[in-house]
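What Swiss-Prot says about this one:
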- Asn9, Arg20, Gly194, Gly215, His216: 3-amino-2-oxopropyl phosphate binding site (BINDING)
- Asp11, His12, Arg47, His52, Thr102: 1-deoxy-D-xylulose 5-phosphate binding site (BINDING)
- His45: active site, proton acceptor (ACT_SITE)
- Glu72: active site, proton acceptor (ACT_SITE)
- Glu153: site 'Transition state stabilizer' (SITE)
- His193: active site, proton donor (ACT_SITE)
Amino acid sequence: MAELLLGVNIDHIATLRNARGTDYPDPVQAAFIAEQAGADGITVHLREDRRHITDRDVRILRQTLHTRMNLEMAVTEEMLAIAVETRPHFCCLVPEKRQEVTTEGGLDVAGQRDKMRDACARLAAAGIQVSLFIDADEAQINAAAEVGAPFIEIHTGCYANAETDAEQAKELARIASAATLAARLGLKVNAGHGLTYHNVKAIAALPEMHELNIGHAIIGRAVMTGLKEAVAEMKRLMLEARG
């Protein structure tokens, strides 16, 4: 079973900063602490409306991170240009709606193959590894393989939001099947969205999982216990699940 990595999403450090229009807390400082605590990478979502992470954050993080930078972004000309200029280690392409609180679902790769193929090729030419944020759906996984993305990130929101044990078990089975299919097609498999200290282990135990990207739960815990301890505890739970 391959090593399981933790990508810590620090968007909500920026949310807190921007709530008062100050220059603190600084996501760059948070990234440094997360790395010290065991994060294998730092994830940020540069949204079109810049509601949390800013261009300045992206630029400085790329220059200062000791691990890997994963830039989440919409598939737009503006964002592709920023990515090509900044050259993060990874880009995760996500759907984006201005009115949403957080990303609500996966990309429709199957319905826009040409657009996704072009984006993947453009980013790959800049030396960036591409991940597509998709639902645990066979058609989307097949399409992801066809357009040339080396990674997918499975949307775990339905699993995380399940209201009953039976519903959660059903969603977990869907994710497990999706991960198996993706691996068979030669894709590396990440996962994220809604994962918490209470539900992460079942996802972490799936042998195909390469990396979990987790943000809100860690930042929420950090308010109570400190960021370093919050990151370390999440990493411990993930590794426990791998035995």
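Backbone N, Cα and C define each Cβ position, glycine as well.
Cβ neighbour count for His52 (1-deoxy-D-xylulose 5-phosphate binding site): 21 (other Cβ atoms within 10 Å of its Cβ, all protein chains included). Here is what falls inside 10 Å of the CA of Gly215 (3-amino-2-oxopropyl phosphate binding site) among the recorded positions Asp11, His12, Arg47, His193: Asp11, His12, His193. Within the same chain, residues at least six positions away from Glu153 (site 'Transition state stabilizer') with a Cβ under 8 Å of its Cβ are Cys92, Ser131, Leu132, Phe133, Ile134, Val189, Asn190, Ala191, Gly192, Asn213. Of all the binding-site residues listed here (Arg20, Arg47, His216), it is Arg20 whose C-beta has the fewest other C-beta atoms within 10 angstroms. Neighbours of Gly194 (3-amino-2-oxopropyl phosphate binding site), defined as other CB atoms within 10 A of its CB across all chains, total 17. The separation of Asp11 (1-deoxy-D-xylulose 5-phosphate binding site) from Gly194 (3-amino-2-oxopropyl phosphate binding site), Cα to Cα, is 14 Å.
Summarising the environment of Asp11 (1-deoxy-D-xylulose 5-phosphate binding site), the number of other Cβ atoms within 10 Å of its Cβ, over all protein chains shown, is 21. Taking the C-alpha positions, the distance from Glu72 (active site, proton acceptor) to Asn9 (3-amino-2-oxopropyl phosphate binding site) comes to 10 Å. Neighbours of Asn9 (3-amino-2-oxopropyl phosphate binding site) among the recorded positions His45, Arg47, His52, defined as a Cα within 10 Å of its Cα, are His45.
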